[in-house]
Amino acid sequence: MVGEFRWQAGRPATAQVGGWVLAHCQQRFLQDDNGLLFPREWLKRQELPLLAEHGVGHWQGEPVYVLELDEPIELPGMAWAPLRQFMLHGDFDQFCMLGYASQIGIWARHNRFCGNCGTRMQAQDHERVMQCPQCGLHQYPRLSPSMIVLVTRGDEVLLARSPRFVPGVYSTLAGFVEAGESVEQCVVREVREEVGVEVANLEYIGSQNWPFPHSLMLGFHAEYVSGEIVPQEDEIEDAQWFSLDALPPLPAQRSIARHLIDLYLARRSGAAEPVLPG
């Protein structure tokens, strides 16, 4: 056990022998009846379309690596499972491990060659970076900062649904931070764009890594100021004010979207405040 957590992100050296390995491709992981972690040396002896291998951390003190595969090939007695499945169900420590491994795998896939001169990139031992030996370009794992906000109006909250959502589910508003703006400016702009209302008195609540594929969600509460709801065409299927005692189906418990809603409910009712997962 490492500290109080079973999973600890890190960079175990690929030159060392042994450990566990995850096989990843297109945000899916290979698994069999024993789970997702395979003996590293055994899996590497299989005929795999390997693109890259990276150390990603330790599980119960043992080093863990990710093999990024070119395609999700079929192996006897094994199947591919989507990352999102582990977010919704099962062990949260395991989901954190898989989310990190997926982001590193995607980064390795997308940065095999230099975007400046086309030379094959090389992983560095001293930090998590791909470097071009020809022109020196550095590429770090990508993070895309996004705001997510619950707009409130007393005992009402503004919730919306995208055409991509599970039928019937409503959630908070979210959007990516654009170049040149602060996260707070992004909150005001995205709310205005998505539902046509103005907000103020922003309160930062917390953040959550969201590996679909590489977002960092920064969560807020914001108070309604003015305006009528006008859903953004092609982005928002429906948006409504909901009373706290008559909420629609909501996002998964582990999501920061659900946490923003549950936290506001707790504060209005005087109940104990929930803890943000992760």
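Cβ atoms are placed via backbone N, Cα and C, with glycine included.
If you look up Swiss-Prot, you'll see ARG84, GLU127, TYR140, GLN208, ASN209, TRP210, PRO211, PHE212, PRO213, HIS214, SER215, ALA257 marked as substrate binding site. The annotation Zn(2+) binding site is assigned in Swiss-Prot to CYS114, CYS117, CYS132, CYS135. The feature divalent metal cation 1 binding site is assigned by Swiss-Prot to ALA174, GLU194, GLU235. Swiss-Prot lists GLU190 with the feature divalent metal cation 2 binding site, giving sequence analysis as the kind of evidence. The feature divalent metal cation 3 binding site is assigned by Swiss-Prot to GLU190, GLU194, GLU235. Under the heading domain 'Nudix hydrolase', Swiss-Prot lists 141-265. The annotation motif 'Nudix box' is assigned in Swiss-Prot to 175-196.
Features per Swiss-Prot, on structure.
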| residue | record | DSSP class |
| --- | --- | --- |
| ARG84 | substrate binding site | helix |
| CYS114 | Zn(2+) binding site | coil |
| CYS132 | Zn(2+) binding site | coil |
| GLU190 | divalent metal cation 2 binding site | helix |
| ASN209 | substrate binding site | strand |
| SER215 | substrate binding site | strand |
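Here the C-alpha separation of GLU190 (divalent metal cation 2 binding site) and CYS114 (Zn(2+) binding site) works out to 34 Å. When Cβ-Cβ distances below 8 Å are used as the criterion, the motif 'Nudix box' (175-196) is approached by residues 144-147, 149, 151, 158, 160, 202, 215, 218, 220, 222, 227-232, 235-236, 239 of the same chain, each at least six residues removed from its ends.
Put simply, of the binding-site residues ALA174, ASN209, PRO211, PRO213, SER215, the one whose Cα is nearest the Cα of CYS114 (Zn(2+) binding site) is PRO213. One way to see the shell of the divalent metal cation 3 site is to take the Cβ centroid of GLU190, GLU194, GLU235; the remaining same-chain residues with a Cβ within 8 Å of it are LEU173, ALA174, GLY175, VAL191, GLU193, VAL195, GLN232, ILE236.
Other Cβ atoms within 10 Å of the Cβ of PRO213 (substrate binding site), summed over all protein chains shown, number 17. Comparing C-alpha positions, GLU194 (divalent metal cation 1 binding site) sits nearest to SER215 among the binding-site residues CYS117, CYS132, CYS135, PRO211, SER215. Cα spacing between PRO213 (substrate binding site) and ALA174 (divalent metal cation 1 binding site): 15 Å, rounded to the nearest whole number.
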